[in-house]
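**Q** Quick paste of what TrEMBL says about this protein:
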- 23-44: transmembrane segment (TRANSMEM)
- 56-78: transmembrane segment (TRANSMEM)
- 98-123: transmembrane segment (TRANSMEM)
- 143-162: transmembrane segment (TRANSMEM)
- 174-192: transmembrane segment (TRANSMEM)
- 198-219: transmembrane segment (TRANSMEM)
- 245-263: transmembrane segment (TRANSMEM)
- 275-295: transmembrane segment (TRANSMEM)
- 316-341: transmembrane segment (TRANSMEM)
- 356-375: transmembrane segment (TRANSMEM)
- 387-408: transmembrane segment (TRANSMEM)
- 414-436: transmembrane segment (TRANSMEM)
Amino acid sequence: MNTSERAPEAISPPADKLKLREILVFFLPLAATSTMMSVSVPIIHAGLTRFPDAKLNLAAFSLAFVLGIFLESPVFALQQATIAWYSGRGKYRHLLGFATLVGTIVLTYQVAIAFSPLVMWFLQDLLGAEAYIAERAVDAVRIAVVFPFLIALRSAMQSILISRRNTSAVGWGTLFRLIALGLSVFFLAPRLPVNPPAAAMVCLALAVCVEMVYVVFALRRTPEVDFGRSPAHSAGETLRGRWRFIAPMMVMMALGTSTNLIISGFVGRTPDPETGLAAFGVIGSLVWFLASPFLRYSSATIALGASRETRRVLAAFVWKAVGVLCLLLALLHFTPIWWWLLQDVQGLTPELAQKVRLPLILLTMQPLVAAFLAYHQGVLTRAAKTGIIGMGGVLRVVSIVAAGYLGLAMGIDGALLGGILLGLAFASELLVLMLLNPDRHQA
């Protein structure tokens, strides 16, 4: 991919005069990107229901998708790292080269797993799938090996756009990806000579390629923005420095993607595992839908948080914007609208809706926790203190495991246990980052 390093003349905004409105304009496209990405899987599910054996195809694709996300998770650290490394001097070929290296390494071990007997061990023994579902999922897993390379390059180029304050281009790219996915799933997938889950994975790869083409186009037309030098810039100047910088973030990403799998393992051991797992699936999806847009706030913090003054403004934005949202959610829990959303929109039975109510009330503040977690991750990333981020990811898993065994010993209901563990996962990680963040007194 021939990506020009030449950019129009740099723009140097007054970093210490950041306003809440500027943060909103900068962050909204990133939040919208996360929301649109969360719609991708439902679009694929809608397409798969048009094939025969819809239930089997849905189960197989979900299995392949979960395994793919887990295996390629180290690549997800590239976006935050590249934003921090980019010095704003118009040169980014070395960053694209490092992204290519990371993507190739992850692709290599993913190929080694997907095209060997290990793939069935992952699908059956690790994820607990029945043999017939695992066999249907294998082709989709093998096609998914292209994603680490594609996502690595896309993430690096998106990061440069974010560093140059062109977050709207990131949002537009995701929208084009979503449109391409919808068209290909409904019109191309039925014509592909592979099974439906594999066809859906081909469509997803094609959609990511469409997104990449637009990102390359936008990158060539986006001027520089100079935010001043940070400690992370020095870490990104050498190959060794980049590996030392990004390794803890990769650990955090891998542990983060395993959170729901670990929690599901504990919920599955409760007295009524079927109801518990069904309820936790609803809880997890709703909480993720509400919280995931704010996890992109780390990108805004890295790009905009050049001084203590701007970081104060960034922290204030979290309190004002996300805090108001959480307050509205808290009020919504006690209105008929909430029951309408659970029973009529989500299609839950009255019994299941009642099961998820208390855990969702306990998780009302989860968007605020997620936003502050992302804020502290951004501050630490810009300060080149990524080891603390890795420690937070480790404590997240340790806390879940310890509390999970305690909850089983106490006989806590599966849905409630899942909600408690999910809240604890974010809260424990945030606690570590807050205590060790050099800017903790600002937030």
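Going from the start of the chain as shown, residues are counted 1 onward.
A Cβ is built for glycine as well, from the same backbone N, Cα and C atoms used for every other residue.
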**Q** Counting only pairs 6 or more apart in sequence, are there at least 3 Cβ pairs under 8 Å between the transmembrane segment (23-44) and the transmembrane segment (275-295)?
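**A** Counting Cβ pairs under 8 Å, at least 3, so yes.
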**Q** Would you say the transmembrane segment (174-192) and the transmembrane segment (198-219) are touching, if the rule is that at least three C-beta pairs must lie under 8 angstroms and be 6 or more residues apart?
**A** yes
**Q** With the transmembrane segment (56-78) as the reference, which stretch in 174-192, 245-263, 356-375, 387-408, 414-436 has the largest tally of C-beta pairs below 8 Å?
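**A** Answer, by Cβ pair count: 245-263.
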**Q** Determine whether the transmembrane segment (275-295) and the transmembrane segment (414-436) share at least three Cβ pairs under 8 Å, counting only pairs 6 or more apart in sequence.
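**A** They are in contact.
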**Q** Would you say the transmembrane segment (387-408) and the transmembrane segment (356-375) are touching, if the rule is that at least three C-beta pairs must lie under 8 angstroms and be 6 or more residues apart?
**A** no
